[in-house]
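Residues or ranges marked as DNA-binding region by Swiss-Prot: 17-21. Per Swiss-Prot, the feature compositional bias 'Gly residues' maps to 1-14. Marked as N-acetylserine by Swiss-Prot on the basis of similarity to another entry: Ser2. The feature N6-acetyl-N6-methyllysine is assigned by Swiss-Prot to Lys6, Lys13, with similarity to another entry given as support. The N6-acetyllysine annotation in Swiss-Prot covers Lys17, and the record cites similarity to another entry as its basis. Per Swiss-Prot, the feature N6-methyllysine maps to Lys21. As annotated by Swiss-Prot, region 'Disordered' applies to 1-20.
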Amino acid sequence: MSGRGKGGKGLGKGGAKRHRKVLRDNIQGITKPAIRRLARRGGVKRISGLIYEETRSVLKVFLENVIRDAVTYCEHAKRKTVTAMDVVYALKHQGRTLYGFGG
């Protein structure tokens, strides 16, 4: 046994961490057309120009809450990979039950 724990099957060398790009302003990746498409799916005909930034901020808060809960479930199970079921349970915890992803 190489002392890698239960997940390590010799994948990679386990050396120094690579430099990661600093993540900021990723919320701008939710583009104006993407927000427009979501609104169209919801039945909206015309969209005010102020909606886009507001939508991004609301979406960011929502995702932060869901991801925080999902990571909590993942850590409790002593896993490092967030599964679809973690997200389903996180949404259920917030009162937004999601069907179709197991469980």
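Count begins at 1; order follows the chain as displayed.
Heads up, the Cβ atoms here are built off N, Cα and C, so glycines get one too.
Given the structure is predicted, the values throughout are model-derived calculations rather than measurements.
Mapped onto DSSP classes, the DNA-binding region (17-21) shows 0 helix, 0 strand, 5 coil. Across the DNA-binding region (17-21), the model assigns an average pLDDT of 78. Its own atom aside, the Cβ of Lys21 (N6-methyllysine) has 5 Cβ atoms within 10 angstroms in the protein chains shown.
All protein chains included, Lys17 (N6-acetyllysine) registers 5 other Cβ atoms within 10 Å of its own Cβ.
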